[in-house]
Amino acid sequence: LKALRQLRILILMVCAAGIGGTFQYGYNISIINAPTSYIQVFMNKTWQERTGVPPEDNMILLLWSFTVSVYPLGGLAGAVVAGPMAIMLGRKMSLLVNNIFVIVAAVLSGFSQIAKSFEMIMVSRFFTGVNAGVSMNIQPMYLAESAPKKLRGAVALTSASFTALGLVLGQVVGLRELLGGEESWPFLLASNAVPALIQLMALPWFPESPRYLLIDRGDRESCSLVLAALQKLRGNSDLGAELEEMLAEQAAAKGQRAKKPWELFQNPAVRWQLVSIIVLSSAMQLCGNDSMYFYAAYVFQEAGIPQDKIPYVVIGTGSCELIASVTCNMIIDYAGRRPLLLGGYIFMAGWAVVFMVALSHWMPYLSMACIFAYILSFGIGPAGVTGVLPTELFDQMSRPAAYMICGSLLWFNLFLVGTAFPFIVKSLGHFCYVPFLVVCVCTALYIGLFLPETKGKSFLEISEQFRKRNFKAQRHTALYKGPEEIKSTVL
């Protein structure tokens with residue numbers, strides 16, 4: 001209890017950043033599902049009123065497909081602008097400014113029915129995607145830079161917990177008894193303004209990332225004031241060791257400027273870091289977790305669950321991811337990043353095999369169990385740990401660019417899987433999870449062979465660990481060059 005009291009401000013800061021951050025990503029993914037049929041009727045009716053003739057079935061399907069697919073396109077745009085925003089505005093201010101996108105989106109979708117414009121819904125979904133793209137990049141960066149080393153993983157991982165929480169609450173609010181009815185769907189789509197307003201009121205009371213103030217802005221005086229305010233976050237009045245570590249990071253970054261994404265590809269000093277985040281960010285979407293939600297309603301129906309009860313059971317799938325994310329949050333700084341990632345992908349590969357067997361021999365209850373087990377395996381490792389790694393693997397000058405690359409891959413692959421999965425199902429039938437199985441196995445092999453553990457290490461220690469790998473050949477010809485470089489960063 002004493003430890004919780006000491007960390008109360010840190011917990012409140014995490015909540016303030018999360019409620020208007022990655023929470024919106026999960027929430028906006030799930031709230032669009034409940035009113036699907038009502039929005040399609042609205043599109044049909046609006047089209048007929050404008051043209052005087054009913055639209056073809058393919059036209060409504062095309063309009064709806066565009067409405068759904070524009071969300072990840074907005075996310076891709078958000079991931080691209082997140083890096084410059086984090087550098088120019090700072091981490092906290094970027095999260096606050098990011099709420100403008102979702103408030104505009106809420107106004108557009110809320111008044112779309114009155115204005116008789118389904119185009120407003122499409123534009124709204126693009127802006128919600130931009131909001132999610134920015135927050136998915138900047139929130140874990142902000143929290144990891146503000147957290148103490150021993151809690152860095154757990155604090156940064158709350159981004160995944162808030163995503164899962166948003167997913168579940170979106171499913172709950174989308175029930176027809178609440179805002180998922182025929183008359184109330186505009187309010188459901190506009191309800192994402194509420195978390196944005198909460199963040200706008202709460203987050204200004206908390207400090208900016210001290211590493212951003214000291215290393216990016218070179219503002220030691222402001223950083224000292226922030227560190228004094230963060231004493232309550234640490235539960236420890238002696239912050240000398242942490243300030244010394246940050247000053248060493250500042251010395252290592254002296255004379256450098258923030259890197260551009262393409263500069264990371266040209267820099268041999270970050271070769272393995274870059275390969276690692278490309279592999280893991282791509283695998284996060286290509287592993288097939290989101291496709292499990294595609295199958296969920298169908299499998300539940302075939303298992304004998306009444307049609308009107310399926311939305312309540314689907315909430316269980318989101319709850320599984322939430323429980324797994326919270327569990328991962330509690331154990332990450334004890335178990336480490338590597339075991340959670342490795343275990344998650346190994347279990348997912350195993351459940352993919354069982355799921356395909358269950359589908360081919362049509363065992364609905366085993367298929368149901370596989371859906372829940374697959375989502376749990378994803379939540380316990382890949383869902384959260386993947387978002388923490390760019391903060392830990394890259395230094396302060398490269399971190400925003402690394403998140404731009406990660407975010408772009410995440411959203412592009414989300415769009416790719418959403419577009420390709422129906423064709424995969426049509427081509428492979430019950431063996432549709434073979435591509436996802438291959439992704440899980442290859443990713444597990446990469447983690448087992450090449451990804452080092454970062455638990456409990458400072459950013460400089462992690463950089464030195466990768467420096468030895470990136471310049472392995474040079475190490476033999478210049479044995480003492482490395483240590484001399486390290487000493488030059490110590491004050």
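Note: Cβ is positioned from N, Cα and C throughout, glycine not excepted.
TrEMBL does not curate its annotations; it predicts them automatically.
The domain 'Major facilitator superfamily (MFS) profile' feature in TrEMBL is assigned to 14-455. Under the heading transmembrane segment, TrEMBL lists 7-27, 61-83, 95-115, 121-142, 154-173, 185-206, 340-359, 365-389, 401-425, 431-451.
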### Message
Applying the under-8 angstroms CB criterion, which one of 121-142, 154-173, 401-425 scores highest with the transmembrane segment (95-115)?
### Response
121-142
### Query
Other than its close neighbours in sequence, what residues sit by the transmembrane segment (340-359), given a CB gap under 8 Å and a spacing of at least six beyond its ends?
280, 283, 287-289, 328, 331-332, 366-367, 370-371, 373-374, 377-378, 380-383, 385-386, 430-434, 436-437, 440-441, 443-444, 447-448, 451
#### Entry: Distal contacts, the transmembrane segment (401-425) - CB-CB under 8 A, six or more residues away
68-69, 72-73, 75-76, 78-80, 82-83, 86, 129, 133, 136-138, 141, 258-261, 263-264, 273-274, 277-278, 281-282, 284-286, 288, 290-291, 294, 386-387, 390, 393-394, 432, 435
### Message
Within the same chain, where does the transmembrane segment (431-451) have neighbours whose Cβ lies under 8 angstroms from its own Cβ atoms, ignoring anything closer than 6 residues to its ends? I mean 6 or more beyond.
### Response
272, 275-276, 279-280, 283, 286-288, 291, 338, 341-342, 345-346, 348-349, 352-353, 355-356, 360, 421, 424-425
### Query
Which listed range (7-27, 61-83, 121-142, 185-206) shows the maximal number of Cβ pairs under 8 Å with respect to the transmembrane segment (154-173)?
7-27
#### Entry: Cβ contacts under 8 Å made by the transmembrane segment (7-27) with residues that lie 6+ beyond its boundaries
75, 95, 98-99, 102, 128, 131-132, 135-136, 138-140, 142-143, 146-147, 151, 155, 158-170, 192, 195-196, 198-200, 202-203, 205-206, 232-235, 318
